[in-house]
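Enquirer: I have a structure here, written as structure tokens, and I will follow up with some questions on it.
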Amino acid sequence: MLRKTKVVTTKSVLVANLMWQILGEYCSLYQNISPLPFQLSMSNKEVRVTNFTTKGRIVSGSSATWMLAHTLACGYFLVSRLLLTKSSISNSDAIDNLEIFVNIYFLIFPLCLVGMSVTIAFYPQVAPNILNRIVEFEGKLEALWDTIPKKLSPNWMLSMLKFLLRGSILPVIFIGPGLVYLNLDPLHILMESNISSMWNFILNLVRVGMVYFLAAEIVKSAIAFLLVGLIVMQSMSQGVKLLREVLKFKTLRNAVIFCSLEIRLYRQFQVWSQYINAAFCNRSVPPLLFCGTCMIIFSLYGTMRMYGSLPFLVYPLLPASAVLMLSFQFTLLPQAAKSFEKSLDFVAFVRKECTVKYERKVARSLLPIGARCGPFGMISNKWTVQVANSVSDSTVSLLLTF
């Protein structure tokens with residue numbers, strides 16, 4: 001019997017197939033670690049929602065619920081610890097400060113990704129509704145321009161990203177036992193010294209399990225946000241860029257320009273962008289942006305100030321989380337700003353170059369597309385600069401003050 005070999009192309013119109021391959025690897029990998037109700041068909045680049053059993057739906061919903069409950073518990077323990085520190089004089093100030101630092105860390109980190117976690121657990125149909133439109137846009141763009149340039153990715157990059165993706169499992173596996181062993185998880189406050197060894201063992205297993213579920217949910221949501229965000233933002237910016245190139249080519253060849261096809265396709269991008277903002281960005285982007293900025297500042301401060309104070313197994317989490325959040329902010333933000341700026345350029349070009357009266361009227365109704373941060377407006381280049389300035393200024397202020 002002949003074995004069917006899997007042929008993977010490396011060229012695509014809007015997004016390199018590399019990103020789809022990494023997304024497929026992510027879906028197959030994290031289904032074995034944390035509840036993930038998605039499957040990706042690489043043949044037609046279609047995301048499907050899997051039919052969860054009742055047990056699977058309960059586990060999927062409980063992971064996101066546990067993230068929220070854990071955040072509330074950390075807030076309560078943090079307030080209790082601060083009040084206790086003020087009301088009593090402790091001989092172990094370093095340990096108290098370390099516990100407060102870890103509580104703040106656990107309080108902020110899950111808040112960054114709670115929107116993505118809730119979307120995966122309770123609104124799984126949002127992801128297919130967003131991602132499955134990209135292939136349709138690629139077909140329509142190829143119909144406009146036969147010689148459309150294709151995005152090419154080297155094979156070594158695919159291997160490197162797969163290696164990094166599989167390496168992301170290590171924090172999920174080891175962070176739970178490590179924090180419980182060092183008594184740095186927020187639930188250690190519930191432990192009592194006069195309980196039997198059997199109950200102590202059972203409670204430690206529960207603590208390890210709780211930290212495992214939290215770490216798995218955070219890593220799963222973080223990678224999903226990064227992959228989906230890059231795929232969607234690259235599709236928007238590349239699609240609008242190609243539409244402008246088509247119109248620019250028309251202006252060089254014809255005196256009278258008909259833009260109806262390009263305007264119609266851009267309006268479809270506009271509707272797609274509005275759905276993404278309503279169903280996903282308004283829920284997920286504000287906590288990632290604002291809590292993520294706080295997390296970057298806090299991680300950079302801890303990396304510089306807590307060197308030598310934290311245990312050897314705990315300290316690497318600070319620079320690792322700082323690198324993770326920096327990669328989020330300064331990978332996704334420029335992509336989101338790029339799609340917004342490209343759409344502004346396209347709208348201005350259409351309004352200027354259209355010669356048909358009806359098309360000029362339609363062009364006035366076109367709006368820029370991109371990622372919206374809730375009521376705070378669209379993400380632009382100005383946003384990226386402000387976030388970078390706030391991170392550097394706040395980190396320096398913390399280091400000089402404390």
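Each Cβ is built from the backbone N, Cα and C atoms, and glycine gets one as well.
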Enquirer: From the ranges 198-220, 221-243, grab the one TrEMBL calls transmembrane segment.
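Expert: Here TrEMBL associates transmembrane segment with the stretch 221-243.
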Enquirer: For the transmembrane segment (100-123), I need the partner stretch with the highest count of C-beta pairs below 8 angstroms, choosing only from 58-79, 221-243, 288-307, 313-333.
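Expert: Most contacts with the transmembrane segment (100-123): 58-79.
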Enquirer: Which bits of the chain, at least 6 residues beyond where the transmembrane segment (313-333) starts or stops, bring a Cβ under 8 A of a Cβ in it?
Expert: 102, 105, 109, 112, 171, 175, 178-179, 182, 184, 222, 225-226, 229-230, 233, 288-289, 292-293, 295-296, 299-300, 302-303, 306-307, 379, 383-384, 387-388, 391
